[in-house]
Structure formats: structure tokens, C-alpha cells
Amino acid sequence: MDKTEIEVLGDNHIATSIETPLRADAFQRTDSEKMEHIQHYFSKIMEELGLDLTDESLSGTPYRFAKMYVKELFYGLDPKNRPKVSTFPNTYGYKRMLVEQDITIDSSCEHHFLPIVGKAHIGYIPNDRVVGLSKINRLVDYYSHRPQVQERLCLQILKDLQETLETEDVIVVVHAKHLCVSSRGIKDKESATTTVEYGGAFTDESRRSEFFDLLKNGSDLNR
Ligand SMILES: Nc1nc2c(ncn2[C@@H]2O[C@H](COP(=O)(O)OP(=O)(O)OP(=O)(O)O)[C@@H](O)[C@H]2O)c(=O)[nH]1
Ligand SMILES: [Zn+2]
């Protein structure tokens, strides 16, 4: 694809599917093999920029970069890294809304590979199964650690929780800053992006209002 085609495609940045676009052979290579290749290619990028890789401070950077990509920033690409999320019967019969708020979002934008940082807030109305609270945070962390667009991140978290909790009654809000907007390009330091996705009972406006009221109460309590 040449530069003109990329410029034309520029605004077509909304993903066409909820799934992260992966190659069929995405996991044929081991993590170590991937790190070895990325280390090699990143050293070439550094060299192209004119950097002297024999410098003591720079010499380890290609390895650090490769490890960071495969093991840290993008560990969530590999389905084998999805956290084990066991559910248990809702024996106490709690049927009201549960809100888990201010979950850290540390993600990366797939257009520029720069950080997306913010918070996720999640609500659900338990059906017959409930989940350990920390597992919600773990799922958010897992889906965040892929090259993402915020809309898809929000949808992937929603879909997984709906399947795991065996209910459509889930709402996901992501509020985040994109470094590709704040540190390059337009360089707007103040703006942030909010996405919201929901299903089931949350299609009812009064349920959404209840959720947003609980969020507000939660943040007031935290003050
Ligand atoms: N909808 C959406 N857009 C995003 C997200 N992350 C980055 N973008 C946008 O994706 C767009 C990519 O547009 P391009 O015109 O190809 O890229 P660019 O020339 O670097 O754009 P500028 O950032 O305006 O300089 C930009 O407008 C980004 O702000 C996201 O999570 N969701
Ligand atoms: Zn970006």
C-alpha cells in the first residue's frame, strides 16, 4: 500500500469487526521467536534513525523493546493469556446492580502504537452466576493489552462479560486519553474520549441512569 492509499484510508479507522484483526498464523511462532525477530527489526529502525547501537545505554534497547511488545504491552493478543475467570452460583441471590468502577485502562492505539490511558467502569445485574470482582479488572487488563481502538476495546470487554456471566445485562464505559491526540498530531492535552456499550436491561434508560448515579456516588465516596 503506498502513502496515498494510506491517506485515503485514514478516516476508515473504525474496525469492521469486534474481533481484533489477526493473521491465521498469528501464534505459530513462540514468544521467544517473536521477540528475536522484533529485536532484529527494531534495531534496524534505530539504526535507520541514525542511532549508534554500540552505545552502552542503547545496546539493550532492541531486546527491551521486543520483550515489552510481546510480554507486556501486547500479551492480550494471545488467547492463551486470557485470565481464568471462574464464576460461582449466585447463592446469596443478589439480583441488583453491581458496579466495579475506576478500573485502570493501560492500552495502546493501533493506529500509532501510542498509549491509551484511562478508566473503565462496569455494571452488571447478576443472573444465576457471579464472578470474583478482581476477575473483571483482569479481563479489562487482558483486552487492553492489544493494539486497540477504544470502541472495539469497549465491545470486547462487554461481549466477554456477557458470555462469562451468562447475562446480557452488562454495561461498559471507557473514559480515556489517547497520547496520539495529546502528544502528537493536534497535541490536545485536555480532550478525552468516552465510549459506552451495553445490552439487556441496560437498554432501558432508567437502568443506565441508575448505573451513572451509582458511579457518581462511588466517586463521591472516594473523595
Ligand atoms: N475512533 C477512534 N479513532 C482513533 C482511536 N485512536 C486513534 N484514533 C484516530 O484514528 C485516526 C487516524 O487517522 P489518520 O488521518 O490516518 O492519522 P493521522 O494522520 O496520524 O491523524 P492525526 O492524528 O489527525 O494527525 C486519527 O484521527 C486518530 O485520532 C480510537 O480508539 N478510536
Ligand atoms: Zn493513535
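Just so you know, glycine gets a Cβ as well, placed from its N, Cα and C.
Its Cβ placed at the centre, HIS112 (Zn(2+) binding site) has 15 other Cβ atoms within 10 Å. The Zn(2+) binding site annotation in TrEMBL covers CYS109, HIS112, CYS180.
The domain 'GTP cyclohydrolase I' annotation in TrEMBL covers 39-215.
Each of SER108, GLU110, HIS111, PHE113, LEU114, ILE116, HIS178, LEU179, VAL181, ARG184 belongs to the same chain as CYS109, HIS112, CYS180, is absent from that list, and has a C-beta within 8 angstroms of the C-beta centroid marking the Zn(2+) site. In three-state terms derived from DSSP, HIS112 (Zn(2+) binding site) belongs to neither a helical nor a strand segment and is classed as coil. Summarising the environment of CYS109 (Zn(2+) binding site), the number of other Cβ atoms within 10 Å of its Cβ, over all protein chains shown, is 19. If you draw a 10 Å sphere around the CB of CYS180 (Zn(2+) binding site), it holds 18 other CB atoms from the protein chains shown.
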